[in-house]
């Protein structure tokens, strides 16, 4: 992969409060994230970090401006583009309890049309790398919090996406486990040339970021 994984061109996003007053989250915001970059997003609670990541991940539509993924303009919430090019990791893993570990990891490939035998082979390789092969056929509810989040990382990266969106991915973990999970995300991103757009409150993660951006006055500005 090379070039731009994500681009905002004059992106604005508003919402209405209880009094129907229009409140800006982003206003005429420009952003470029290159493949291989790890971009940390910081800001006070409620300032719009999650909404910004949702717009980047084509889960929430901007009110004006353009969003491009790998140079392709997403004029709407493009499910095909999202499934192909974007992986998601959240604070709460959102694994499917009705599926075992292996099937959870396989799921993105199966949805995108990858043959089951190939999807299973890739998923097993990932679980072996993560030292989770012994729990591959266990229900996800039997895993520890750290194990669940590593499975969530595997599910996010198995497609080798151009862009990984991570919204407080370690916020529910102890510091040592959080570091392990974050290191895994960085390792996979480096190996695959993926960009990472990460919202975090953890100052230790900022040291590994290519850039740190902060939402200030409805715009993304460089910080630290």
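A Cβ is built for glycine as well, from the same backbone N, Cα and C atoms used for every other residue.
These numbers come from a predicted model, not from an experiment.
Under the heading domain 'ABC transporter', Swiss-Prot lists 6-224, citing sequence analysis as support.
According to DSSP, residue 47 (ATP binding site) sits in a coil region rather than a helix or strand. Sequence-distant neighbours of residue 47 (ATP binding site) (same chain, six or more apart, CB under 8 Å from its CB) are 25, 215, listed in sequence order. What Swiss-Prot records for 43, 44, 45, 46, 47, 48, 49, 50 is ATP binding site, and it gives sequence analysis as the kind of evidence.
Note: the ATP site is recorded as 43, 44, 45, 46, 47, 48, 49, 50; in the same chain, 215 also have Cβ atoms within 8 Å of that site's Cβ centroid. Summarising model confidence by region, the domain 'ABC transporter' (6-224) averages a pLDDT of 87. Residue environment of residue 46 (ATP binding site) contains 8 other Cβ atoms, counted within 10 Å of its Cβ in all protein chains.
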